[in-house]
Amino acid sequence: MFTRMLKLRLLNVVAPAYFSVATAVTFILHFCLFIPTIFPNPDTSLRSSTTLHMAVFLFLMFNALGNYIMTIKYPAESANETAIPVCSPHCSDKVDAHYLLNGRHFCKLCRKVIFRRDHHCFFTGNCIGNKNMRYFIMFCIYTSCTCMYSLVLGVAFLTVEYSISFENPLTFLTLLPFSTGYFFMGTISGLQLFLVLMLYVWLGIGLVCAGFCCQQVLLVARGQTWCQMQRGELVENRSSWRANLKDVFGARWILGLILPVQTVETNSEDTDALKQD
């Protein structure tokens, strides 16, 4: 157990650093390579297209980073817990959390009691629960959109700069092994290999975030958390899926789709706890 906890704590540090580096690299590649190469010396007809691409990318990046910060700013710990419980060595829960009562978990990584804990997000370094679920879902949505948009621009850059054709669907599947071989043979530069690697990084992060988003929206609509599903708890959901979504996204959910702002009250913890008793 000690070795696994050590690995989880290490991942809790590495994952945010990985996300920060990937974000910075994406931003630099977009404005230093993609836009100047795809739209060189834009005239009047292309200037609007360049502005549109930059505006779309900045909008996606702003919302992804904004919701990332909001997920960390509004943690899910319970304000009513003063004593940190000691987990029994025979605890049947996972090594990173210990189930308490009334929908509360003690997270061994955060060292806090989490109300309506869903899971521990290593990319943010804290737990996802009732207070920051909306920001986490929007973070996944916009991160996925940003990665897929960067993937499209990266493909366009490789087509323009290196004349790589992606008309054949197998091109993308064989691009990485062929590029790696050509790099060691000295045929292509390190920059081109790095760009190819970034294409697969964007694809991987985009698909993972999209999967997380779909899973979380489904759980929220059912009024269930990931922890409850893992424990095999069947939640007696007295509310409709519309009410469950409104409870997480708030009444101003449309505003939350376009701006990383607070749209749900965070002081309804005791009321929610009574509902789960």
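Any Cβ shown, glycine's included, is placed from N, Cα and C.
Among the features that TrEMBL reports, transmembrane segment is placed at 15-39, 51-70, 135-158, 170-194, 200-221. The domain 'Palmitoyltransferase DHHC' annotation in TrEMBL covers 104-229.
For the domain 'Palmitoyltransferase DHHC' (104-229), the model's average pLDDT works out to 90.
Taken through DSSP, the domain 'Palmitoyltransferase DHHC' (104-229) splits into 82 helix, 14 strand, 30 coil.
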